[in-house]
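Trainee: Reproduced below are the annotations present in Swiss-Prot:
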type    : residues                  : note
BINDING : 36-43, 85-89, 151-154     : GTP 1 binding site
BINDING : 233-240, 280-284, 345-348 : GTP 2 binding site
DOMAIN  : 30-199                    : domain 'EngA-type G 1'
DOMAIN  : 227-403                   : domain 'EngA-type G 2'
DOMAIN  : 404-488                   : domain 'KH-like'
C-alpha cells in the first residue's frame, strides 16, 4: 500500500501559456533528461520545472513507468528544449515488464543532449555508484554534458555536507530542492549553457529576433498542432500498443500487465502536412479500485485528458466485448461532448471469423448501448498494425466534421419540416412546435430550440431529431445537444 500522498509542488506563479514557434523542417529541439535511481525526486523536479503536475509524484518507489516529456519554451531567456522524466534505473532482478521499462529509459539517455543526474542528499547507495559508472563508461552517453544535482537540500549546504558526493569523483554538484524550488533557476541556467552549441540554437535566435520580448514566467509551450487526440479504454485493452503502432516505434511501454501506463503520454505526430498531439492515457478503472493515491491520480489524469482532448478513440478489447465500464466511458464522452470513435482491438484474436462476424458484433454492441448506433466503429489489431492507417484516416475525417456549422435559416427550415413529419406521433398532447432555433457550438453540435411547450418534447422525439441531424449533416461520432426553451412569455 502506498503511503499518503505528499503535497510536493510548491505554490508558484501561474503558468503563462504562450504559442511556441513550430520547429523548422530538419531542425532538432534539444532534449534534456532527468535520470537517477528510484525515489530521489525525479518526477517532482520534472513537475517543478514545468510548474504543473504532469507526472505522478508519490513517496513510493517505481512510480514513473514511461518516459514523460514536455516542451519548455521561454523566448526572453533563450530556452527551448524538451524535458524528459525517466523511470528509476535501479530495478533489481527485472521481469519482462521491468526490462522493457529499463530499455526505454536507457534509450532515452542515449538520445538526450543534456543529462540531469539526480541524487538524494540523505542517502548515497550502490545503485547511485552503478548509474554513475554507466554514465561514464557508455560510449553514447559518456561525452554528453551531465549536471549533477543533490536533491532535498532544503537548507544551505556547505562543503562538508557535500564531501561524500565529491568523493564519488564529481567535480561540481548543485544542491537543489525540487519541492521548495531552491536553485531551480540556477539549474535552468546550467541547462541553457550546455545547450548553447546544440541543434536548434540558430533557429531560436532567428525566431527571437523577430518578436517583441515580454517578461513572462516560465511557460509550458503550446505546440502547433491541428487537434489533440486521446486514446482511452479499460486497462490492458491495448492503448499503448496502439500508440506504438501509430508512432511506428515503441514510444510507450507495452505489456500484457493491466495498467502498465500510469501517466498520460503526449506524442506530437506529423502525417504529411497535418499535425496532431496524441495522448495515451492511464487505463480507467472502476472508482472502487482507485483507493490508492497512485491509481487515484491516474484516474483523474485520464478524465483530464478526455476533457482537454478535441477527439477521442475509445478502445475496446474484442474478446472482452462492451462491458458495463465501457458504458461508463461512453457516457463520460457523451457528457463531455467529445467527438469519438470506437476501435475494436485484438480483432485478429477472434477465431472462426466469417463475413457476418463484424455485423453480429455491431448488432450486439448496439443492443447494449443504442447511442452507439451513430458512432463510427472499426476493427483493428494494434500489435499487427492491422487497419491502423484507416483508423487515423477516420480520426482526421471526424476532426474535420466536428467543426460543422449550419446556417440558422437552414436549421430552422429543416427542423420545422421534421417536426411536421413527426406530427403527433411522438406526443399525446398538442403537436410540439418549434418557433426558432440557433446553433451555439460545433463540438458538441449544440442547438438551442425555442418551442411552445418543453414538456411536449419527449425522449423519442428528441432521438428522432438527433437522428435526422446526424444523417443530414454527417455528424456520426459527434455528440448532439438539443436545449429546449419555452417561448412563452
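Cβ coordinates come from backbone N, Cα and C, glycine included.
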Trainee: DSSP on residue 86 (GTP 1 binding site), three-state: which is it?
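Mentor: DSSP call for residue 86 (GTP 1 binding site): coil, neither helix nor strand.
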Trainee: Say you check the Cα of residue 86 (GTP 1 binding site) against those of the binding-site residues 233, 236, 239, 347; which is nearest?
Mentor: 239
Trainee: Let me spell it out: for each of the binding-site residues (89, 153), count the other Cβ atoms within 10 Å of that residue's Cβ, using every protein chain shown. Which one has the most?
Mentor: 153
Trainee: Highest Cβ count within 10 Å among the binding-site residues 39, 86, 236: which residue is it?
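Mentor: That would be 86, with the most Cβ atoms nearby.
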Trainee: Using the alpha carbons only, what distance in Å do you get between residue 153 (GTP 1 binding site) and residue 239 (GTP 2 binding site) once rounded?
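Mentor: About 39 Å separate the Cα atoms of these two residues.
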Trainee: By a simple count, how many Cβ atoms lie within 10 Å of the Cβ of residue 42 (GTP 1 binding site), its own Cβ left out?
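Mentor: Taking all protein chains shown, residue 42 (GTP 1 binding site) has 29 Cβ neighbours within 10 Å.
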Trainee: Rounded to the nearest Å, what's the C-alpha distance separating residue 89 (GTP 1 binding site) and residue 239 (GTP 2 binding site)? Just drop the number here, would you?
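Mentor: The Cα atom of residue 89 (GTP 1 binding site) is 25 Å away from the Cα atom of residue 239 (GTP 2 binding site).
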Trainee: When you measure from the Cβ of residue 233 (GTP 2 binding site), how many other Cβ atoms are you left with inside 10 Å?
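Mentor: For residue 233 (GTP 2 binding site), the count of other Cβ atoms within 10 Å is 25.
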Trainee: Where among the binding-site residues 36, 239 do you find the Cβ with the fewest other Cβ atoms within 10 Å?
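Mentor: Sparsest of the binding-site residues 36, 239 by Cβ contacts within 10 Å: 36.
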Trainee: Give the number of CB atoms, excluding that of residue 347 (GTP 2 binding site) itself, located within 10 Å of its CB.
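Mentor: Looking across every protein chain shown, the total is 22.
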Trainee: Whole-number Å distance between the CA of residue 347 (GTP 2 binding site) and the CA of residue 42 (GTP 1 binding site)?
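Mentor: With distance taken Cα to Cα, residue 42 (GTP 1 binding site) is 39 Å from residue 347 (GTP 2 binding site).
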Trainee: Can you tell me how far the Cα of residue 36 (GTP 1 binding site) sits from the Cα of residue 239 (GTP 2 binding site), in Å?
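Mentor: For residue 36 (GTP 1 binding site) versus residue 239 (GTP 2 binding site), the Cα atoms are 28 Å apart.
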